[in-house]
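For 15-47, 60-92, 93-125, 138-170, 171-203, 204-236, 237-269, the entry in TrEMBL reads repeat 'ANK'.
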Amino acid sequence: MLLDRHAEINATNVRGTTPLHIAVEKGHENLVKLLLEYGADVNAEHCNECGADVNAEDHDGKSVLYVAVERGNEDIVKSLLECRADVKNQDRNGKSVLYVAVERGNEDIVKPLLECGADVNAEDHYECRADVKNQDRNGKSVLYVAVERGNEDIVKPLLECRADVKNQDRNGKSVLYVAVEKRHVNLVKLLLECGADVNAEDHDGKSGLYVAVERGNEDIVKLLLECGADVKNQDRNGKSVLYVAVKKRHVNLVKLLLECGADVNSEDRDEREDVNDYKLLDAAVTEGYLGILEQLLKYGADVDTPLHKATKNKVEGAVNLLLWKLTSL
């Protein structure tokens, strides 16, 4: 009745909220459609030329599409997209509509957002207008967020839309780094296949391999090594990947890293004295990691200083092993 009397359907309240915003917020699908359709000009090219402003924003910068995505209402989202709602809308925090859909893990909304506004010349599977490289204030892209949540069904269409696999957050953590950190083996493999930089480091100098070794994830370590991960990666403190494997008692990983060329006598990045050799064997001897000690000796670690350490700490097995190594030289 009010619409029949030419009520102002774009009127806003003190929060900048329109009737369409409220209808979307409450999930009233029929009312949303009515507001969109009412008073449409027969000469209008698109239905967004009707009375209701499909791209009106509230004081938080949220459009009605944004609100519909937040609420996870797929039917309303589709109705708004049919009226050319702006898929690039961002709120005041820099979060885009697509980002919110990914954040909430709603793949049924992510896909129509990606498909909206198809360009016949696009090379992607989903011919995208939505910005898949959009980042939040922490530098996280929509792909980053999807990987963080381990949602493979969302990661795949984003990658098909050429999402940036080399995105890093403000701490320098790459998308691949996060997949490793969260132990998402399938996503690690998928990202590597799409060109993720296997040797990208965070601000502490840690690569994905470093993190995988820290967590003792043998499957991911193997994947990364097969893709050319640098076995000589060191963090900012000069601790090598091999050192981490020794300290964490990951015998299988120590063996694997040595087989792939990790240098048991490497120097740290500051090219100071040869400290890693001492640290590696020192850790193995002090804690009595005989299985690890044996591997280090097999690959040519220097035994002089560790022998003194083993004797001092009365680690009998280590002393015998080191003496055997010395007498066999």
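Here the Cβ of each residue, glycine as well, is placed from N, Cα and C on the backbone.
Remote same-chain residues near the repeat 'ANK' (171-203) are listed as 141, 143-144, 147-148, 150, 152, 155-156, 159, 164-165, 209, 211-212, 215, 217, 219-220, 223-224, 227-230, 233 (criterion: CB distance under 8 Å, separation of at least six residues from the stretch ends).
Non-local neighbours of the repeat 'ANK' (204-236) in the same chain are 172, 174, 176-177, 179-181, 183, 185, 188-189, 192, 198, 242, 244-245, 248, 250, 252-253, 256-257, 260-263, 266, 268-269; each lies 6+ residues outside the stretch with a CB under 8 Å from one of its CB atoms. Broken down by DSSP into helix, strand and coil, the repeat 'ANK' (60-92) contains 17 helix, 2 strand, 14 coil. Across the repeat 'ANK' (204-236), DSSP assigns 16 helix, 2 strand, 15 coil. Across the repeat 'ANK' (237-269), DSSP assigns 16 helix, 1 strand, 16 coil.
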